[in-house]
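According to TrEMBL, the features are:
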DOMAIN    6-187  domain 'Thiamine phosphate synthase/TenI'
BINDING   GLN36, LEU37, ARG38, GLU39, LYS40, ASN68, SER107, LYS136  4-amino-2-methyl-5-(diphosphooxymethyl)pyrimidine binding site
BINDING   ASP69  Mg(2+) binding site
Amino acid sequence: MEPPPLYLITDRRAVADGNLLHSVAEALDGGARLVQLREKDLPAAQLLPLAEKLRRLTADYQARLLINDRVDVALACEADGVHLGGHSLPVAVARDLLGAERLIGVSTHSLAELHAAEAAGADFVTFGPVFATPSKLPYGTPVGLAALAEACHAGRLPVYALGGIDRNNLAAVRNCAAAGFACIRAILAAKEPEPATRELLISWNRDGGNISL
């Protein structure tokens, strides 16, 4: 996988105008090319229609869509893969169901979890929370930049920094050798997600020049 720099994770409760699809569309306009549908409280009967709408939307931008946890929903909406957590199906089982071509991302919070994800055959991981953030309070104390840097050099998988990422700390995150950054509120809680996305991507680029996706 050649990772795009930005991994957008959904949370409809964080959306400034209450319209998740509209905000994701604006993020795609701004350059987002990897989206995870993460609405863990929705039952499959409500999640699938939303996933199908996002699948059509992301396809219009040639962007990839991953479904959090639900392999069945990912298959039903023909998503590009899944993102698994600590209580999800094992990576090997998900791979058997999804096949070799679809992506599998894994949430990790320690080097041990990162190594386990790599050994199991994940395509990439998120690592964090790097900084304090409301959405990651259940995961405990932020790991910080030193732990992120260690994780980014610990294996072969692309590592996305997760947790409290914004324009003010992007340079520090990139200096840790992260493949990219995952975010929720920095985009979805913005009044204008399109320029917020574009500014994040420009900030990620060292020279502030053209965005390469």
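Using the three backbone atoms N, Cα and C, a Cβ is placed for every residue, glycine included.
Sequence features annotated in TrEMBL and their locations in the structure.
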{"residue": "GLN36", "record": "4-amino-2-methyl-5-(diphosphooxymethyl)pyrimidine binding site", "Cβ neighbours (10 Å)": "22"}
{"residue": "LEU37", "record": "4-amino-2-methyl-5-(diphosphooxymethyl)pyrimidine binding site", "Cβ neighbours (10 Å)": "30"}
{"residue": "ARG38", "record": "4-amino-2-methyl-5-(diphosphooxymethyl)pyrimidine binding site", "Cβ neighbours (10 Å)": "19"}
{"residue": "GLU39", "record": "4-amino-2-methyl-5-(diphosphooxymethyl)pyrimidine binding site", "Cβ neighbours (10 Å)": "17"}
{"residue": "LYS40", "record": "4-amino-2-methyl-5-(diphosphooxymethyl)pyrimidine binding site", "Cβ neighbours (10 Å)": "10"}
{"residue": "ASN68", "record": "4-amino-2-methyl-5-(diphosphooxymethyl)pyrimidine binding site", "Cβ neighbours (10 Å)": "21"}
{"residue": "ASP69", "record": "Mg(2+) binding site", "Cβ neighbours (10 Å)": "20"}
{"residue": "SER107", "record": "4-amino-2-methyl-5-(diphosphooxymethyl)pyrimidine binding site", "Cβ neighbours (10 Å)": "21"}
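Rounded to a whole value, the Cα-Cα separation of LEU37 (4-amino-2-methyl-5-(diphosphooxymethyl)pyrimidine binding site) and ASP69 (Mg(2+) binding site) is 9 Å. Across the fold, the C-alpha of ARG38 (4-amino-2-methyl-5-(diphosphooxymethyl)pyrimidine binding site) and the C-alpha of the residue listed as 'Mg(2+) binding site' stand 8 Å from each other. Of the recorded residues, LYS40 (4-amino-2-methyl-5-(diphosphooxymethyl)pyrimidine binding site) and ASP69 (Mg(2+) binding site) place their C-alpha atoms 8 Å from one another. When the Cα atoms are compared, SER107 (4-amino-2-methyl-5-(diphosphooxymethyl)pyrimidine binding site) and ASP69 (Mg(2+) binding site) turn out to be 11 Å apart. Cα spacing between the residue listed as 'Mg(2+) binding site' and GLU39 (4-amino-2-methyl-5-(diphosphooxymethyl)pyrimidine binding site): 10 Å, rounded to the nearest whole number.
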